[in-house]
Number of protein chains: 2
Amino acid sequence: MSQTTVSPLAPDTIAALPALDGVRLSTAAAGIKYAGRPDVMMMVFDATADVAGVFTRSLCPSAPVDHCRHALAAGRARALVVNSGNANAFTGRLGAEATARTADATAAALGCGDNEVFLASTGVIGEPLDAAPIVDALPTLVASANGEGWLDAARAIMTTDTYPKVATRIARIDDVDVTLNGMAKGAGMIAPDMATMLAFVATDADIDAKVLQALLVEATEPTFNAITVDSDTSTSDTLLMFATGTAGARGQARLESADDRRLADFRRALADLMKDLALQVVSDGEGARKLVEITVTGASSPNAAKRIARSIADSPLVKTAIAGEDANWGRVVMAVGKAGERAERDRLAIWFADVRVAVDGMRDPDYSEEAAAAVMREPKIPVRVDLGIGQGQATVWTCDLTREYVAINGDYRS
Amino acid sequence: MSQTTVSPLAPDTIAALPALDGVRLSTAAAGIKYAGRPDVMMMVFDATADVAGVFTRSLCPSAPVDHCRHALAAGRARALVVNSGNANAFTGRLGAEATARTADATAAALGCGDNEVFLASTGVIGEPLDAAPIVDALPTLVASANGEGWLDAARAIMTTDTYPKVATRIARIDDVDVTLNGMAKGAGMIAPDMATMLAFVATDADIDAKVLQALLVEATEPTFNAITVDSDTSTSDTLLMFATGTAGARGQARLESADDRRLADFRRALADLMKDLALQVVSDGEGARKLVEITVTGASSPNAAKRIARSIADSPLVKTAIAGEDANWGRVVMAVGKAGERAERDRLAIWFADVRVAVDGMRDPDYSEEAAAAVMREPKIPVRVDLGIGQGQATVWTCDLTREYVAINGDYRS
């Protein structure tokens, strides 16, 4: 469980997140599992915020995911409460009782409905979560919430993460600048024992919940849905986005249609912020030493391109080759072949960075092993596959599969 | 590339394969890649045999797979020629020329059609295969073929395998005993660089090619299609079955319908032999120290059960937990959830051997960590998941994911 050294792929600097009108944060050390560190985080909205969410596709989701899916129907939020140390997943009736108790107590403390309280939990699966320490911490959490707590909040939700993941962007809507702040945690794309990927984005923009949902779904596909550490899908993946609407006081007219052209810059900023967070997650992949960007072009459709890119990114043989700094394009061919999408062997071309290693279904006659080897020694490795049959393209990011990954995941529970 | 120690999961003894009427074998050291060891194997049929085949589902198959698929249309075989050291995969036009040249030369040497010659290649992907050393070895291969060469043939097709894989069974058709001899190679379910899984079965039974094909497909699903080492699908997987019909001379009437009830015992023997070979392959999984049998019961259908079992078997997090001797049922839940098949969290139950660790969607209240830990220390670990929603069931076999797997596959090409 203890990864003590920071990933070599960590960002050089941690972004400084500005305060956001209408959002306050706080943390507490509730002793859920860890000793001597904050393990509960609260985000409070001074007034009701619009909210959107995207959740795991797992058919065995955690209790907090069940709660959020239900609460999301009303599209309104007053608080987010997140704990690390216990995922409250596969905890049956007791799990649902724990989320209900936490939501009820938070709602009572804030004077709102329990469907305005959003919850997420990350940590060990299958252990009943005792809601009492979280409920007991609520008065302190509410009282101490302030506008400066972003980085502390990002730290409180870490599990096997080796660094906190935050990002901020500014977007212009009409003539008003709005801010987007985001945080994420996750160190296996999914390491279900330390379940999982959580990400929270808040903005002061005034955007209707339905529009927010459309924007969030649209931005998820090329970002959080385009990263993979180990192909394992968590029970707990949760991405929530809150819009306080406080920019309305500065003259930003509320946006009520996803087709509104005034959203263009916000869309761009949101996609950029989510990509930033997503790459921070994959760069902290368990045991990772290489960040791999896999781009597939010339596929029969964008979906086909993405399936092929993911097949390459999920292949243990591709990932171990990259760990070994081996420009092993034969394994890339294998992964293209198993993806189940249209491919014509004799049209395939493959590059590592700008070194073309294969063309027309064969080893490139001009291929230089030394040039390819130099690419593989870098910490960031772009791989491109052109299928030569259509216009579909997609990019997926992954990391290498190292002995450290096996050690971290083979040794964790014991 | 060099796994010098034999897998701890290897069978205690290597089966002694009897001679089979009408089948002769030989090997040669053609120097394709390895020095000082046989790397070409020939199986010759004295008279034309009926033949059936099952191949990789990869959309980028090797040149020999293309050749066999084409040749199989006629359902007749006089020879099988297999080389190790080079997979002749992703070799474009040159690859097809190499298979054509090998098939033509073999056909000329035996006086048969080139569609009566079956080919398989296993080894490095993407390197052009020079047919010349194989063609040059043909006179010796034909002249030296004899009935005793089964084990030598199984050794000649090895790549990263740490032991030769052979099995033999006897079946009764009416009052006549017929023999089935089989061999396989493979040490990643697929290690495409050392591509791949090859298996060949021969029998003296007299069975029409169409019936043989039906029997082979039927027996593949619960055997070779139920093992996975690393979820990577090879470009070269080839399973061929030959029936010489020489048992006809001993009074076995030719079988021309797959529904013929006289096939019952042969069916059983074939399934048993193929399961034996399949488990030998997975037991030689790269870096494997544990053989894991995953049985899913109570699923909505047999296909759903198999998809869920495979999702568990392919999960890096389940496989690393098993390498760490950790009875980590939370990861099993995760893998059930991501399979995409119907599951109800609160009906799930999970066992490691006879230790029930989870029931009704929660940790089993009577669960003994010590009893589960004792199971995990064994070399063979049965895992059972009951979904509690239907009658579908399936079993899949895999091995653990160890640091040695990463080392073998990260270090190989260099």
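Any Cβ shown, glycine's included, is placed from N, Cα and C.
Bear in mind that TrEMBL entries carry predicted annotations, made automatically and left uncurated.
Now, the feature entries from TrEMBL:
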{"type": "BINDING", "residues": "B:Thr159, B:Lys185, B:Thr196, B:Glu286, B:Asn409, B:Ser414", "note": "substrate binding site"}
{"type": "ACT_SITE", "residues": "B:Thr196", "note": "active site, nucleophile"}
Discussion item. So if the criterion is CB under 8 Å to a CB of chain A, which of the binding-site residues B:Thr159, B:Lys185, B:Thr196, B:Glu286, B:Asn409 qualify?
Written reply: B:Asn409
Worksheet item: Which one of these binding-site residues, B:Thr159, B:Thr196, has the sparsest Cβ neighbourhood, judged by other Cβ atoms within 10 angstroms?
Response: B:Thr159
Discussion item. For B:Asn409 (substrate binding site), which of the three DSSP-derived states applies: helix, strand, or coil?
Written reply: helix
Worksheet item: Where does B:Thr196 (substrate binding site) sit by DSSP, helix, strand or coil?
Response: coil
Worksheet, complete the sentence: According to DSSP, B:Lys185 (substrate binding site) sits in strand
Worksheet item: Can you count the other CB atoms that lie within 10 A of the CB of B:Glu286 (substrate binding site)?
Response: 29
Worksheet item: Can you tell me the three-state DSSP label for B:Glu286 (substrate binding site)?
Response: coil
